[in-house]
């Protein structure tokens, strides 16, 4: 009788110990590859439509529903961190640099791609607030990473190759009294190598690149008051564009490149004083302002020349004398403005 009791007690203790096992275990891989290997993606876009996002869907990613096994009321969330350098932003989301020409938008989160958090910066951030498994049930916790390439720089059509690159990590975050103990909590991700076949569209200038506008001779009496204007000359700019290109332009004051007003600085060869030059486009009643010599989208004082439906756009420019209010002294008037096109 005594021996039977000892055997029964030993079995009871064994069953008790099995019940008290940890409520979380790691069943995934510590190193994971994101996207097909190798990947190849092709897109066409206007030359200056930058940064240009390669919308490839969800196929550049990694998702796994079974990374941690959890049970017994265990509560778990996820944190994510990106290790790549931040080189810009788009709609509040960081653009991470891969090469000088190619960057990434990155999302991290729960198993489902659609619930991923848009990543910003290089610190750990909450990418899945979490949940608690039932006290008498078991389940798994997964994760996902999705990336989208971004073209960063103005270039002609090109093929970009990106080597395998470490992206960052996701870690399991126990909460509400749950503890992971010695269980693996962090997994790492690397982006598989890929190529971008990038085709850009643009325009060709049909007008000579240097345009001389002869200014009409006038008398000071035609500009009696400050702000008075008289048409001095006119010219046109014509282009031939690929389909779908929207043309924007910036005029830059060549004599004073920092000038952001609507009056062109006269060159040192001018002898007249108290007079300036304004430039108008088409039938606009507001003069164009001068900006930096740059094709970057959103450049200061950039203005729209055409829409994406025009393949042979043109613009008529009118140059007007303007009384600057400093007292007019007759003489010669010369001004130089450059124009920079942006193909968006």
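Keep in mind that glycine also has a Cβ here, set from the backbone N, Cα and C atoms.
Taken straight from Swiss-Prot:
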- 1-22: signal peptide (SIGNAL)
- 23-199: region 'Receptor-binding lectin domain' (REGION)
- 65, 66, 110, 111, 139, 140, 141, 142: carbohydrate binding site (BINDING)
- 75-132: disulfide bond (DISULFID)
- 200-344: region 'Fimbrillin-binding domain' (REGION)
- 288-308: region 'Disordered' (REGION)
- 299-308: compositional bias 'Polar residues' (COMPBIAS)
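Classification of residue 65 (carbohydrate binding site) by DSSP places it within a strand. Highest Cβ count within 10 Å among the binding-site residues 66, 110: 110.
Annotation note: residue 142 (carbohydrate binding site) sits in a strand segment as assigned by DSSP. Within 8 Å of the centroid defined by the CB atoms of 65, 66, 110, 111, 139, 140, 141, 142, the record's carbohydrate site, lie the Cβ atoms of 64, 67, 68, 143, excluding the listed residues themselves. Other C-beta atoms found within 10 angstroms of the C-beta of residue 75 (disulfide bond) number 17, with every protein chain shown included. In the three-state DSSP reading, residue 110 (carbohydrate binding site) counts as coil. A Cα-Cα distance of 10 Å separates residue 141 (carbohydrate binding site) from residue 75 (disulfide bond). For the binding site of carbohydrate, formed by 65, 66, 110, 111, 139, 140, 141, 142 according to the record, the largest Cα to Cα distance is 14 Å, rounded to a whole number. Mean predicted confidence for the region 'Receptor-binding lectin domain' (23-199): the pLDDT average there is 96.
Here residue 75 (disulfide bond) is positioned 11 angstrom away from residue 139 (carbohydrate binding site), judged by their C-alpha atoms. Across the compositional bias 'Polar residues' (299-308), DSSP classifies residues as 0 helix, 2 strand, 8 coil. Sorting the region 'Fimbrillin-binding domain' (200-344) by DSSP state (H, G, I as helix; E, B as strand; all else coil) yields 3 helix, 57 strand, 85 coil.
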